[in-house]
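Enquirer: Submitted below is the structure of interest, expressed as structure tokens.
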């Protein structure tokens, strides 16, 4: 029965690359538009210090969720459509992720006075428990999105993103008494609403899909190599947004963390459009569609997005930052420009990784991921203490350039194209 759902989705007339890309990009546009409005409202309701605190709490949450997921989303998209035991596979990934989440949160809770000693609100009664539950909600939301994409139910992905992305804006007005914690909490509470609505819809549409919430070690051994190398690559991509605000907070101040986070947020949201293109590439290739044709589409639309992003944000980014606050236009524009200088390096790495994932070539994914990750860590250490947020952005650019060197060298060595 479950396999019929995947087969049905394959034979639908609207399964074209452009249609699915459009649906997934719409959900990312909702994220981008709502993210812009979210931080626009936040910067007018909250102080820059609270913006910095909210960014750090979001970074901590993202870090824990990211390590807990261990590349769950691409693993679901790649394996679920073709797996005979889809319920066991999904249940294993969910159970394993939840186990890691609570272990990581326990470690964070026990070491918070060392890692984030300046976040006083986490020392208040019940707040650590609330923080943990909110992190749990964000993880569940992310896993559900991966399952929906694997079913090619991108309409549902769009719906839950619209709910989560725009409800959080209204919550900013209600949670102002919590300061920076209110900024973080609005994201988690809106995720709860989206989770509830999506589960009702999904269980009715796919009544025979019931993941068994237990860890099957045989399945885990089979998918873990693929999951881990994608985790490493994703970590290299999301490292600045998760860790850099925390590092900047410790070295400088909440203000400096906020001045870095806004341009990084703009850049990372724009990059989700490129991720969407490559996500559709992986999704449709996993359903057996023509890989060469999909690759050409992925390259074309990714380049269009890259050129558009450079033209807008390198030349007019200061005017966009001015919408938030004058401080951002004056002190964050250079960070934004450096990030968008890197976008074509990023596109090449993203497309190459996607083609390797289709082939399940975990070795090369792992090598490229380690090159980018080790480079961004090394150059961050070298640059951030003297250059602050600009140093972090420059470390990102250099790491993706070095990733391109590996990609081009690998292609030349084998004297072949990507596909």
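Each residue, glycine too, has its Cβ placed from N, Cα and C.
Taken from TrEMBL, the feature transmembrane segment applies to 21-41, 53-77, 89-111, 126-144, 156-178, 184-202, 223-249, 261-282, 294-315, 335-353, 365-385, 391-409.
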Enquirer: Do any residues, 6 or more residues outside the transmembrane segment (184-202), come within under 8 Å Cβ-to-Cβ of it, and if so which ones?
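Expert: Sequence-remote neighbours of the transmembrane segment (184-202) are 38, 54, 57-58, 61, 130, 133-135, 137-138, 140-141, 144, 147-148, 153, 156, 159-161, 163-169, 171-172, 175, 178, 209.
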Enquirer: If you count every Cβ pair below 8 Å, which range out of 126-144, 223-249, 391-409 shares the most with the transmembrane segment (53-77)?
Expert: 223-249
Enquirer: Taking residues 6+ outside the transmembrane segment (126-144), which of them lie with a CB under 8 Å of any CB in it?
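Expert: Distant contacts of the transmembrane segment (126-144): 57, 61-62, 64-65, 68-69, 72-73, 76, 93-94, 97-98, 101-102, 105, 109, 112, 160, 164, 181, 184-185, 187-189, 191-192, 194-195, 198-199, 202.
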Enquirer: Using a Cβ cut-off of under 8 Å, list the residues of the same chain at least 6 residues beyond the transmembrane segment (89-111) that approach it.
Expert: 60, 64-65, 67-70, 72, 75-76, 79-80, 83, 128, 132, 135-136, 139, 143, 147, 209, 211-216, 219-220, 223, 227
Enquirer: Check the transmembrane segment (335-353) against each of 223-249, 365-385, 391-409 and return whichever range has the most CB pairs under 8 Å.
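Expert: Out of the listed stretches, 391-409 contacts the transmembrane segment (335-353) most.
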